[in-house]
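Worksheet: the structure to be examined is printed underneath.
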Amino acid sequence: CLPDPAALSRRCTHPGGERRGGSGRGGAASGRRRVRFVSAVPGPEEPGSPRGGRRRRAEASCAKPRRARTAFTYEQLVALENKFRATRYLSVCERLNLALSLSLTETQVKIWFQNRRTKWKKQHPGADGAAAPAPPAAARCSPSPPRPAALPGQTFPSYAATSALFPAASPFPPGRPRRRTLRSLLGARVPRASTPRTSENPPRLCPSAPGVRNRVFLLRLASTKRKNTYML
């Protein structure tokens, strides 16, 4: 516990520590005593103090490490600028090929093009809409299929060449009557699909055919024989 300030003021009269009316060794011994008051609130730390250095180290360790900037060579910058003049948006395949040719990573090429586009838009504020959007990734990487005419050993004649391959036949060949051609055309018709007939209308046999008569007679004879056998 801290001593009472009123009691201390009685003992210590001035910074020298001498007592009023005190003399001898007792007064000198009591005057040598000095009281130090330690404040509970810490004061401002000096830049060279050890506590300030520790706090700076802790803040530096907690801060996010800064990524090092990529140092491009002159040849790489020239190649990137030429590619940017050709197109401001790279596809995935073009970006990968450019990174391999320049010994860079795909991320470095992507970030360089993003920064270059931002710089170009600042230099040309009215030409933002002129930049063509990047095509989708599926359409960019997939190569276009070859045309049918480019395949070896295959030819696809156009519609205009069909007349040369299949010449139009004359409607009526010369020297032949018109009736024969009509009969030949009618005889070459494709037969229609026969519809199944119901049991109510059985097919009628032509009585004029001799073979059909014999079959009908045999069927009737067989049916009468069966009836006779059943009756017996």
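From the backbone N, Cα and C atoms, a Cβ is placed for every residue, glycine too.
Database features, via Swiss-Prot:
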- 65-124: DNA-binding region (DNA_BIND)
- 126-142: compositional bias 'Low complexity' (COMPBIAS)
- 1-64: region 'Disordered' (REGION)
- 122-150: region 'Disordered' (REGION)
- 185-208: region 'Disordered' (REGION)
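Residues in the DNA-binding region (65-124) partition by DSSP class (helix H, G, I; strand E, B; coil) as 41 helix, 0 strand, 19 coil. In the predicted model, the DNA-binding region (65-124) shows an average pLDDT of 91.
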